[in-house]
Structure formats: structure tokens, C-alpha cells
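What Swiss-Prot records for this protein:
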- His115, His119, Asp293: Fe cation binding site (BINDING)
- Leu136, Ile137, Ser138, Gly139, Gly140, Asp168, Glu185, Ser265: substrate binding site (BINDING)
Amino acid sequence: MWFYSVPEVIIGVESTAHTFSLGLVSGGRVLGQVGKTYVPPAGRGIHPREAAEHHAKAAPQLFRKLIEEFNVSLGDVEAVAYSAGPGLGPALRVGAVFARALAIKLGVPLVPVHHGVAHVEIARYATGSCDPLVLLISGGHTVVAGFSDGRYRVFGETLDVAIGNAIDMFAREVGLGFPGVPAVEKCAEAAEELVAFPMPIVGQDLSYAGLTTYALQLVKRGIPLPVVCRSLVETAYYMLAEVTERALAFTKKRELVVAGGVARSRRLREILYEVGREHGAEVKFVPDEYAGDNGAMIALTGYYAYRRGIAVEPGESFVRQRWRLDTVDVPWFYDLCNR
């Protein structure tokens, strides 16, 4: 167990997928972040080994940039937080090794952070939310959750691929590029009609893999690409709205916070604002600069965890490629309600 006063500076390391990013938090305030993103060759998805090689090259450059840009005194750093999972194994390991080496050099503890929890916490921090229903949507997550009994409890989730990944896969196959969500939405603007899509919702859970397959079949049948794009995103977003609406009705929450990279979607915002109005819930979206993977969210969540005594010796660092959101203790949850 590490003992301390209030931590002064926390450095956060994010490396779960295509982005390597370092973030900085001081006294619970986000100071900023730096990052680089691996962009796969056209027509290909993320290759874990190539992403890891990208991260390994980017790490020392970004560390120097962080120190210089924010005038960090390394003597003030109290802990190093890192994204321990879930994510791509090779990419996670690069971040963990870098964080461990930095912690050893500085003589400070490590704070392992759950990537999904970090998305939620940066959204709560940035929107000033206390006890919201959370919709976490990104390339790796599609979860509707709320806090109960010390953890985020899942009220609905994808049964296969995440919404961002599903749309990215479609975009890649039809040549729209990466990242796929904004590219597909841009293409959809040229369409004035929709075609019917299946809406696979099982109870409170969703299935997105079939939407990608169905959309590709429509393209092969000669349906105009903008029409398929518009139909795909409308269906995918209304599926989210359906399970979110049910969760709001069940939990009676009066705040809905939307986190993750797909939260940038303007069309999705229109749909979810309407859901909020119908249920008397205020809908808040994470700011765009914190929507995608970033080191600031790791540093911030690491700060909260460290204040609650959550830390490990550098030699005890670990990564978990699979790690459910609802298995993580969140003892700091109500600290944000007393700011």
C-alpha cells in the first residue's frame, strides 16, 4: 500500500489500440495531453503488431513533448497511470512497459486503469455530472451502464462487435477510409432515402456484426452507397436510442452522459437529445477533444484511483486484453459529486 498526501502530478499513458497518448493531471485538474495515432494502410484494419511498433517509436517523442509543452517538473510526479486494458495485447504491452520504466526511473508507483472506466470518468469530469446513466460508444465499447453498489452496472451492451468497429469495417470494405464513422456519415449526407435494415436487439443487448454484413450485401446488389451509408448509421443509432431509452425508464436517472469516440456524431446527438427530452433527462456529451482515446482520461482516472489507495509496485504491472467494465471497483465515484 502506498501512503501519500494529495498527489500533485499524475502522468497517464494510453495505448489500447491505434492511439498512443500521454496526459497530465495536477490536483485533479486536467492540464492537457499529447498523442499520435497509427493509421493503417488503405483497405486494412489495425494490425496489433504494427500498432505496437508505432507506439514504441512515438512514446519517447511524446514524452519529451509533454515535458516541454507543459513545463513538467519530474520531481513533482507522484504516480504514473496506464491503461491496463481492455485492448490489443501488443499495444497494451508497449504502454505498460513504458509506464513501468517511467515509474521506476521516477521512483513512484503505478496505477493500472480500466480503459472504459477512464472514458466514463473524463466524460463525468468534463460535463460536471454526478450520477448519470452512461452510454459508452467507441471502436471497442458499446455499453449502457449506471453506478450501483461500488461499480458500473451494465444495463445493455453489444453481443459481438462495438458500434464504432462495425461502421469502421464497413467503411474499410467500401473504400471510405479510416476512421470510418465520420466518413460514412459524410457519405450519408448525399442520400435522400432509406432502405430497411434489421434491428437486432435482444432484450437490452445489441448485435452490430450483422448490420455490417447486411450493408455490404446491399452495396453488392447495387443500392447506391450514400443510401446504404445513411440507412446503416440511422439503424445503428436508433438501436442505441432504443436500449438507452429503456435504461432511462428503468433507472429513472435524470442525466445521460455519452462518452467515447462515436459521441462526436452530430446525428447521434440529435437522436439522443430527443430521447432525453422524452424522459426528462439532461443529455451531456463528452467534449470532442476527450471523446477518442487519450492520455488525459488515464491520468485523471489514475488520480482518482491513487487518492483511494489503488496503486501497485512497478514490478506488479499487468495488462488484460479482455476486462469487463462491471468487474472494476470505483470507490471514488461520489467524490465527483462534491466538487
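Every residue, even glycine, has its Cβ placed from backbone N, Cα and C.
In terms of Cα spacing, the binding-site residues Leu136, Gly139, Gly140, Asp168, Glu185, Ser265 that come within 10 Å of His119 (Fe cation binding site) are Leu136. One residue stands out among the binding-site residues Gly139, Gly140 for having the most other Cβ atoms within 10 Å of its Cβ: Gly139. The Cβ of His115 (Fe cation binding site) has Glu14, Thr16, Ser83, Ala84, Gly85, Pro86, Gly87, Gly140, Asp293, Ile298, Trp323 as same-chain neighbours under 8 Å, each 6 or more residues away in sequence. Taking every pair among Leu136, Ile137, Ser138, Gly139, Gly140, Asp168, Glu185, Ser265, the residues recorded as binding substrate, the greatest CA to CA distance is 19 Å. For Leu136 (substrate binding site), the same-chain residues 6+ apart in sequence whose C-beta sits under 8 angstroms from its C-beta are Gly116, His119, Val120, Thr142, Val143, Val144, Ala145, Ala259, Gly260, Leu325. DSSP assigns His115 (Fe cation binding site) to a helical segment in the three-state reduction. The binding-site residues considered are Asp168, Glu185, Asp293; of these, Glu185 has the fewest other C-beta atoms within 10 angstroms of its C-beta. Around the Cβ of Ile137 (substrate binding site), a 10 Å sphere holds 29 further Cβ atoms from the protein chains shown. DSSP assigns Glu185 (substrate binding site) to a helix in the three-state reduction.
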